[in-house]
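The feature Mg(2+) binding site is assigned by Swiss-Prot to 85, 87, 89, with sequence analysis given as support. As annotated by Swiss-Prot, Zn(2+) binding site applies to 86, 102, 109. The region 'Disordered' feature in Swiss-Prot is assigned to 120-142.
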């Protein structure tokens, strides 16, 4: 596993699960609307910079360097909160997005079109208009 030097708090670093390149996904979400904006990659140092500067820093897998969202485009991400998921392998960064989040110039990277999917419906909750049999009996009468 590739690990670049980092100033990340060791207690936070110990909670992270990384891929073979020392990276983990970071989901950027608009803090006030819940809109999912983009997914980038971070390593320990990118997370440290994100936590300590108030700006999202990512690791570019193609350029092999750190980049601060909006540094050249002006489409900045201002950090509102950062949370680690239950498995420790993904972070959710809630941001105030200024301008486009996507490199295409779109607000979000997730507007390239819906995929055909079967839409599921949850079952009707118990007690939603019909009487259920008593526990341990077969169709108990009222």
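Going from the start of the chain as shown, residues are counted 1 onward.
The backbone N, Cα and C atoms fix where each Cβ goes, glycine too.
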Residues close to Mg(2+) site centre defined by 85, 87, 89, Cβ within 8 Å: 17, 24, 84, 86, 88, 90
Lowest local Cβ density (other Cβ within 10 Å) among binding-site residues: 85, 87, 89: 87
Number of Cβ atoms other than its own within 10 Å, given for residue 109 (Zn(2+) binding site): 17
Residue 86 (Zn(2+) binding site), number of other Cβ atoms within 10 Å: 6
Between residue 109 (Zn(2+) binding site) and residue 89 (Mg(2+) binding site): CA-CA distance (Å): 21
C-beta crowding around residue 102 (Zn(2+) binding site), within 10 angstroms: 15
